[in-house]
Amino acid sequence: MSNSRKMSEPPRFFVGPEDAEINPGNYRRFFHHAEEEEEEEDESPPERQIVVGICSMAKKSKSKPMKEILERISLFKYITVVVFEEEIILNEPVENWPLCDCLISFHSKGFPLDKAVAYAKLRNPFVINDLNMQYLIQDRRDVYSILQAEGILLPRYAILNRDPNNPKECNLIEGEDHVEVNGEVFQKPFVEKPVSAEDHNVYIYYPTSAGGGSQRLFRKIGSRSSVYSPESNVRKTGSYIYEEFMPTDGTDVKVYTVGPDYAHAEARKSPALDGKVERDSEGKEVRYPVILNAREKLIAWKVCLAFKQTVCGFDLLRANGQSYVCDVNGFSFVKNSMKYYDDCAKILGNIVMRELAPQFHIPWSIPLEAEDIPIVPTTSGTMMELRCVIAVIRHGDRTPKQKMKMEVRHQKFFDLFEKCDGYKSGKLKLKKPKQLQEVLDIARQLLMELGQNNDSEIEENKSKLEQLKTVLEMYGHFSGINRKVQLTYLPHGCPKTSSEEEDNRREEPSLLLVLKWGGELTPAGRVQAEELGRAFRCMYPGGQGDYAGFPGCGLLRLHSTYRHDLKIYASDEGRVQMTAAAFAKGLLALEGELTPILVQMVKSANMNGLLDSDSDSLSSCQQRVKARLHEILQKDRDFTAEDYEKLTPSGSISVIKSMHLIKNPVKTCDKVYSLIQSLTSQIRYRMEDPKSADIQLYHSETLELMLRRWSKLEKDFKTKNGRYDISKIPDIYDCIKYDVQHNGSLKLENTMELYRLSKALADIVIPQEYGITKAEKLEIAKGYCTPLVRKIRSDLQRTQDDDTVNKLHPVYSRGVLSPERHVRTRLYFTSESHVHSLLSILRYGALCDDSKDEQWKRAMDYLNVVNELNYMTQIVIMLYEDPNKDLSSEERFHVELHFSPGAKGCEEDKNLPSGYGYRPASRENEGRRSLKTDDDEPHTSKRDEVDRAVMLFKPLVSEPIHIHRKSPLPRSRKITANEVVSENANYLRTPRNLVEQKQNPTVGFELYSMVPSICPLETLHNALFLKQVDDFLASIASPSTEVLRKVPEMSSMATRSSPGMRRKISLNTYTPTKILPTPPAALKSSKASSKAAAGGPSQAMAPHTSSRKKSINSKTEGHEPKKSTGKKR
């Protein structure tokens, strides 16, 4: 078949028969001529055989796939297969090679391609895979050039060619978070590939905001395909292709063509995710066949013809709603698929016969295949199938958030401000390691000058400079965005404050330096998130482990077989991003560092204010609420009936309970203040005690930093006029909760009393700041949550799978009982404000009428008692489908609501509210039906029962089922080939009980023993109709609901935006950038540094930073959200 003729034909795809395995007794009929029986009856002399020669290295020609396929090709009546021996290929001249009519030859390491080309020229056989094109496939530059010429989508790339004799002379500029190659800028994360396709050492570089470092990919060695490295600088020798990193949610698709009309696709876990190769019980890498969409079939057709390779493998990346080709591998076969072996042999045999039969006068007609009939599983009885899981989750345990302000006038600060383009907007946010290192160097230099000369003209406050230095030196490394410095230009200095005399006030320009630190996820928070991820698996079909040997294997199987459409979104705060990554690690049983998981699995969701609140300031409604709240809590008398009415018109039992405990708010604040004074004096005493000199507190904090933290609260809580600043109550509660939980080994006195009182005050202040009356709660909640509500509505509506999702191919799937099933999971990780707001919407937005709905009334009674939405609070929405109901019936789709108030508090919280347990109406354990199957394997039905999403519908199940219960130990059993269980079965163990080991609070790596356990999920409602929920969400999201009816997935929205916005990463991690000593030369700089000559912007501006860099800087800042007491906690 000539190439010109091929190109004119439209792509036409076929697959083989439905029988996924054909035993040798049966498959002769597929390969022999249709009229074989009649032919055999004639006694005419036998026709000449067509000889197919296999010319490749022995490792390839003797591999299992090749043997399987050749065995099948040999069954064609007129075809004989001859395999060239490696000895002959390497050592004999081509004239001595065996003769053949058709040549299948391909390059691999050590193969003499030149000789194969010479042989083809000498003997002129029909060549299956063009040999000259195989030279080009060995160079990625040529591959990319051909792909581009064919109009096939590629990641944005640039080529860096280096002269090996002079590697330094090349067009590469490397920055901290980007490289510039031939004028093309690539922000991290980006990919660096050697130009030689035979070199598999591909590196992916991560941005400093995600922890920096790189993932080093290589040819599989045992169970590893990549390893994480702290090295952040690109390679300095060799030629490379640099390309934009594509966020594929941790999945690669490998496509295998056999001729232009046939392509088999398999998905596997991306080697860049955690570098762990998933293998089955036979030690083979786990891959699952997936369905290509029409665009991808066209790509396969183009690749096959452009490279003139009948048998050809290439890699697809599915990202941003598009499919990109990132590698063409040439001749390669699928491993371990009987169906593919049959199809491949049949197609190759037909190609050979079609081309050569006429020359050999062999009668041949191509057998026609019936179209594949799609497999449509049917169900009987009232069965429900899980279709969608949506969860909104608060971040995990974090360090207390802290802030220090100081006015600076030294020229060095102005120089830094100008260097970083601060004059453009009058504000500057510094959080990159290099920037923080510069601020630290300035602080060290000024302190050294102050130490050497007390009469120095340096105006900066010495104690504040020392605090700046101490905080920046904390942990010995800069890590993501756990610290940041903001500088604001003040043309006339700081405005006068009440304690400042007018005549002392300076009119000269100054900079307001605000140092923020803390608020980062603790090691305990990471454990919490990972454990919750593990527990979360148990909500999916097969989750209880009854048939599986370990809990949650239902989800792992669903996910690994690419029937799970998972997207994880997080707001742009480091603690939230890291919580999301740790949760994903537990949910999907991943291993290794969080940075690669973060970059590939977690999407930033601050577009449209989805999880971040847009406004910097409080809304007018919040201002009114805050003022009223502060007024009530400033009265020095016991709460009156009128106060109860004013503070809790909604009748919240948790708030009433706290008011009973407090009685007189001012007297309680007095007690809290005196307890803080007692605490600071105890810490001072410890600091003076030589035995406590080197004491290390939790997460590298020192006694000095702990004292500063509490001293600042002591100073800020009670104002100069003797009144209390109520907005500091959440901070006090935050700090004491942290110390009781993590620094209990100090055994400070009265900490539990301070915890109890500050919690009672916080239990009033925090929830009531989101509104006192129901109308206010709803108004404030809408301000925070409307974009999120719209997105949730769109998630529930999109019950039809789109073609960009990885779908399992039903015909090729062995041992997967329900290949058509697809479950969508959307996880939204955010801060406290969104969780409070979403819960307010559910409670007060009129979803159900509690006077008519008994189940909703019970749920509202339970929520009334919940006093805190702690770390890892979850609101979970689950959508089920009943395939037996008519598509237009309201009963077709069914929604459930579940809720957990998150982590349990400290020891004394014995009276946690308890609901009615986790009672999904569609419990698979209830009334489970036995499956009748025709499968020959007797154990299959039991094994695959795990894999069913069909569950019996029962409105109420009385027994509470906690997803955090301790699971039984896995029972011993043979794991079948298709189950995805890594040989390091680290998640086969019983989940770690999230801790109540209080006996020895300091034991364990990073104090694992202090990770608080998480309250189990409670069912709020398990019998809602989708229409009812949709109408409710539409009413909340109005007036612009209709515009967002077709909200696309965030990934596709990102595609349409500029390339710079395609992947916005603003993350945090524990991969350190080491803090450097200040260079001696800088310390010797003259003391004549002038005080403050910078009256305005200088003419010499720093180079213009790229818009991408600017967007990262501006968006990732934790802008003092809401200047309020409880926001973004």
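Numbers here mean position along the shown chain, with the first residue as 1.
Cβ atoms here come from the backbone N, Cα and C positions, even for glycine.
From a predicted model like this one, the values you see are computed outputs, not experimental measurements.
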Site-mate of Lys59, Lys60, Arg219, Lys220, Lys254, Ser332, Phe333, Val334, Lys335 for substrate in Swiss-Prot, selected among Arg72, Arg268, Arg318:
Arg268
Quick check on the record annotations: which of Ser223, Ser1066, Ser1089 is tagged phosphoserine by Swiss-Prot?
Ser1066
By the record in Swiss-Prot, which of Ser44, Ser967 is the one labelled phosphoserine?
Ser44
May I ask you to report the DSSP-based helix, strand or coil state of Arg140 (ATP binding site)?
helix
Position of peak Cβ density within 10 Å, selected from the binding-site residues Glu243, Asp252, Asp315:
Glu243
Nearest-integer angstrom distance between the alpha carbons (Cα) of Ser332 (substrate binding site) and Asp315 (ATP binding site):
12
Densest Cβ neighbourhood among Lys59, Arg219 (binding-site residues), 10 Å radius:
Lys59
Between the Cα atoms of Ser229 (phosphoserine) and Arg140 (ATP binding site), find the distance and write it as a whole number of Å.
24
From the Cα of Glu243 (ATP binding site) across to the Cα of Lys254 (substrate binding site), what is the distance in angstrom?
19
Cα-Cα distance, maximum over Lys59, Lys60, Arg219, Lys220, Lys254, Arg268, Ser332, Phe333, Val334, Lys335, record's substrate binders, Å:
24
Candidate with sparsest Cβ neighbourhood (10 Å radius) among His200, Lys254, the listed binding-site residues:
His200
Measuring Cα to Cα, how far is Lys59 (substrate binding site) from Glu243 (ATP binding site) in Å?
33
